[in-house]
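Trainee: There's a structure below that I have some questions on.
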């Protein structure tokens with residue numbers, strides 16, 4: 001609040017005129033019964049805001065009682081000057097309580113003056129109401145007689161946090177006054193920023209009485225820091241000096257972002273135009289004041305009344321509006337409380353009490369504070385409603401300092417967050433936004449149109465100090481070379497990646513590499529100590545083969561990894577020359593073997609069922625037929641069956657079955673060939689537990705975290721061997737665990753790949769045994785470089801640049817066989833072929849059902865037979881006997897009527913010849929005497945041959961010629 005010199009005489013003359021008007025109004029109403037309620041006013045009369053606020057209060061009461069003549073109470077103001085000091089405010093309040101016995105006190109102006117007034121009001125039970133003391137710390141006094149008829153400073157911190165989040169700033173410096181006003185908001189603002197993941201690395205606390213040199217020194221300190229986002233919470237006198245000096249030092253230029261609280265935005269109208277010009281590009285928040293007709297009318301009356309006597313007086317601001325609303329609220333509360341001649345009663349004061357305590361207690365205070373707390377109405381500044389003795393916060397405007405004043409670029413509400421247009425009637429409470437797209441165009445400091453990133457490399461002339469490790473082995477990752485003048489050259493895979501990442505950042509970052517070396521040019525500690533140097537501030541970053549490990553992330557921040565992750569084991573390989581007698585069963589799993597065997601048997605049985613009645617190849621003695629089932633089924637595996645299949649159903653099934661057999665045999669052949677050719681090289685050890693159980697020696701790289709990992713895996717520390725280079729690792733693995741070497745070595749995958757690129761013919765990598773996050777660059781916790789560098793790493797790793805760097809330093813891994821391929825091929829399982837078995841199963845079942853239906857249809861008379869000897873068992877037996885008989889109606893047992901000899905004719909002929917050769921075994925019936933004695937088979941072309949199975953064990957064969965002559969042959973089976 002700027003203390004501009006204003007004539008006290010002019011002010012008191014104006015105030016006397018307004019008071020005289022109130023007096024004349026009271027005299028005119030003397031005929032009615034009215035009660036004067038004495039109200040004290042404690043303000044800084046040298047402050048323009050206080051002067052104009054008092055004028056607003058007087059105007060308000062004059063106009064209010066003119067329109068509310070029926071009120072029985074009238075507020076009588078008693079003013080006191082606080083002289084702008086805490087002591088002056090306390091003395092003024094004490095005078096009002098002791099000598100005037102006021103029923104309420106309006107004031108003080110400043111938060112630093114409020115605490116003692118609150119204590120006095122609490123003791124006298126007199127409400128203390130302020131319209132300008134905004135510190136959140138005042139509410140912690142918890143006095144029932146104190147009311148903040150103004151906005152608490154903490155009500156705006158969420159709006160500021162939303163702005164910070166909208167622009168993605170991760171660090172913010174707070175600048176506030178070293179008094180009650182500034183310190184009250186600091187914890188609330190810090191919490192709000194933490195909720196949006198923004199840190200407060202530094203708090204700049206400036207005394208209200210600071211000199212120009214002190215402010216310049218503090219601003220220089222801020223310039224040396226990397227954070228460029230500042231939240232300023234000071235009063236207008238200090239703000240004017242602060243921004244003027246910041247402009248002179250070049251801090252109102254690009255890369256800077258300034259956010260001001262309502263402590264400054266509410267008083268912009270009273271600030272000097274030159275100060276406003278120095279604040280161009282600043283953004284801020286201020287309470288939203290609804291545009292109403294009543295506000296416009298009051299503004300006109302205010303200018304007519306005030307600026308007539310003082311044309312240079314500041315415009316109407318929110319403090320004057322709060323003073324206006326407070327006066328109305330206090331007048332309404334006095335009437336509501338029905339105060340009639342309120343008095344003070346004597347307080348219980350001991351003899352040892354001082355004169356400061358010699359004041360009474362108001363009888364009307366409790367009723368007045370209760371009535372005031374429940375008063376609500378639509379004021380000029382918005383809704384006047386008190387909750388917990390505080391005015392409820394309205395929405396906030398987000399303003400941008402452009403030209404001679406502030407331009408509204410958006411709004412913030414508690415329900416919707418940042419919005420472009422304010423809609424108080426239908427706010428979307430389900431969507432809270434912090435998007436900067438909801439803000440209008442903003443002109444930033446330096447006339448920049450793009451928002452600042454929020455940080456820069458400090459302007460103290462120092463480069464980013466990037467630490468690099470000193471390696472004795474695996475120098476392809478980092479190699480440090482000392483020159484004769486003790487300067488260093490740093491190169492390697494990690495260095496090239498870091499250079500590439502920093503080159504694609506959207507801004508330039510100067511940096512230099514500093515080896516983490518002892519005087520003897522060796523590494524000054526292990527990698528844990530190396531990373532800890534960033535926390536100590538010895539390095540600004542670390543670029544090297546530093547693994548992202550949980551315990552290190554407690555004191556530093558890592559970027560995203562730029563290499564593969566995981567810890568694996570490298571072991572020697574051996575040629576598996578031992579012959580396994582049962583290797584031929586390995587291509588298929590036992591489930592597939594069993595399923596295949598059952599399928600072969602099932603197909604054999606099904607084909608026998610379909611061919612038994614019509615095909616002589618599938619007839620014969622019982623064990624002959626059993627053998628035929630297995631022989632035919634398994635001979636299809638190599639397509640070696642010689643039996644003809646005459647049934648169409650059987651042919652249909654076999655077509656599908658041959659396809660399945662072909663696929664199975666080809667897959668088996670391929671898998672077996674793969675096992676016999678590929679499965680030559682195997683790791684000597686593929687299980688970590690075997691190493692632990694056999695107490696083998698294992699290796700780890702010097703300085704690596706692998707040592708601690710192996711100890712956690714229960715390896716004996718005495719069995720852990722340290723190595724420094726790939727050559728030393730090769731030597732240890734070649735010797736073996738029993739000859740002073742090691743059986744296996746543990747390392748991260750990038751190192752193992754580099755090692756195998758040189759020795760892939762001797763060693764192989766076994767699957768990862770531990771999860772790790774790969775290599776990452778190290779920065780201090782909260783460094784704003786981390787997200788930008790991480791995004792740059794993604795761009796590099798997804799492009800061709802990373803492949804070029806890997807080929808340059810780690811070699812071309814495609815030239816070396818992948819050790820994973822040296823492992824055994826997996827056996828083929830049922831999962832790969834269940835579809836084939838399902839198809840052949842469906843076909844087989846379908847053919848079987850069709851055959852059964854046809855057989856039952858042909859012998860339906862047996863099923864429907866209702867004879868006295870017909871039972872279910874007899875019918876089943878009869879059906880089985882008929883199934884076992886030949887189907888004489890089948891084409892295979894009928895003579896070809898077109899002149900050709902059928903297959904049955906040939907078999908009958910052969911049977912007849914056998915009968916003639918062995919007469920002792922057969923009984924041949926003699927032909928009639930008048931029949932010729934020629935051979936039985938006289939004319940094969942016209943013979944009709946039939947076979948009939950009689951009861952018992954005999955077979956009767958009847959052969960008839962074309963003349964009806966017959967010869968019957970009966971053979972005992």
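Heads up, the Cβ atoms here are built off N, Cα and C, so glycines get one too.
Note: TrEMBL annotation is automatic and uncurated.
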Trainee: Of the ranges 652-676, 677-701, 702-726, 727-751, which one does TrEMBL list as transmembrane segment?
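Mentor: That would be 652-676, the stretch labelled transmembrane segment in TrEMBL.
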Trainee: Name the residue range among 554-572, 573-591, 592-610 that TrEMBL annotates as transmembrane segment.
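Mentor: Of the candidate stretches, TrEMBL labels 592-610 as transmembrane segment.
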Trainee: Which is it, of 622-640, 755-773, 774-792, that TrEMBL names as transmembrane segment?
Mentor: 622-640
Trainee: With TrEMBL as the source, which of 518-538, 812-832, 833-853, 854-874 is set down as transmembrane segment?
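Mentor: When 518-538, 812-832, 833-853, 854-874 are checked in TrEMBL, transmembrane segment belongs to 833-853.
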Trainee: Using a Cβ cut-off under 8 Å, which residues of the same chain at least 6 positions beyond either end of the transmembrane segment (652-676) come close to it?
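Mentor: Same-chain contacts beyond the ends: 583-584, 586-588, 596, 599, 603, 606-607, 610, 636-639, 645, 824-825, 827-828, 832-833, 836-837, 839-840, 843-844, 847.
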